[in-house]
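Feature list (source: Swiss-Prot):
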{"type": "ACT_SITE", "residues": "148", "note": "active site, proton donor/acceptor"}
{"type": "ACT_SITE", "residues": "247", "note": "active site, proton donor/acceptor"}
{"type": "BINDING", "residues": "148, 181, 207, 247", "note": "divalent metal cation binding site"}
């Protein structure tokens, strides 16, 4: 089972610390968070991409994916006027360009909250328009685009496996995939494995965390309530061969290396001995 480190937790340290820690602690790859000060797409375009490529080479650490910040601060393709929507889409396109240049395996985005007063037909119409434009761009440059479902605490657009199916049906692009952050189904009493049943080969990536079942908080494995050992055995039995990013975000920023080590050790302890 291949593991990835998410760099978001290192955002108060130089990004080289994330590459160094991923390498020294034994992660198989790294998922780059696209926010300042580390890897904001416009900053990469202005020259910062050279550092990212150099660090990947120095530490021999594959960049499994690039995840620009699209949950509303300041970019949210699902909310705001046409100028805001256009700015968000342009940023995501630039992120795909940067992902391509850093040889990332995918660009991962989400459909953030569309606003409490927005009716469903407007939400889904806007999502379809956005994804259609982004997928056309992804197809032109040869980049896989992953749409991440969020928890209902974060969004009212794509939050479960059926929402993902709807989005994929609206925009049937060979470059559009999805994934599952296992916190999202767990807090909605949705079986995690239903994503495997429903999405098939459109399920491209996993974010592994623990959950309290009542919030979008991402815990280190073992700190929440999820039956992770049993879940991982089911995932292995399904033949999943992609990466699992252990997605520590902002809760552990005071000691990212220590918690990244602990998270990886606990994750590996969940796996059968032959994995």
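For all residues, glycine too, the Cβ spot is worked out from N, Cα and C.
Features recorded in Swiss-Prot, as mapped to the structure shown.
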| residue | record | Cβ neighbours (10 Å) |
| --- | --- | --- |
| 148 | active site, proton donor/acceptor | 21 |
| 181 | divalent metal cation binding site | 23 |
| 207 | divalent metal cation binding site | 23 |
| 247 | active site, proton donor/acceptor | 22 |
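Rounded to a whole number, the distance between the Cα atoms of residue 247 (active site, proton donor/acceptor) and residue 207 (divalent metal cation binding site) is 6 Å. Between the CA atoms of residue 181 (divalent metal cation binding site) and residue 148 (active site, proton donor/acceptor) there is a gap of 8 Å, rounded to the nearest whole number. Counting in whole angstrom, residue 247 (active site, proton donor/acceptor) lies 13 from residue 148 (active site, proton donor/acceptor) by their C-alpha atoms. Compute the center of the Cβ atoms of 148, 181, 207, 247, which mark the site for divalent metal cation; besides them, the chain residues with Cβ within 8 Å of that center are 179, 180, 182, 183, 184, 205, 206, 209, 245.
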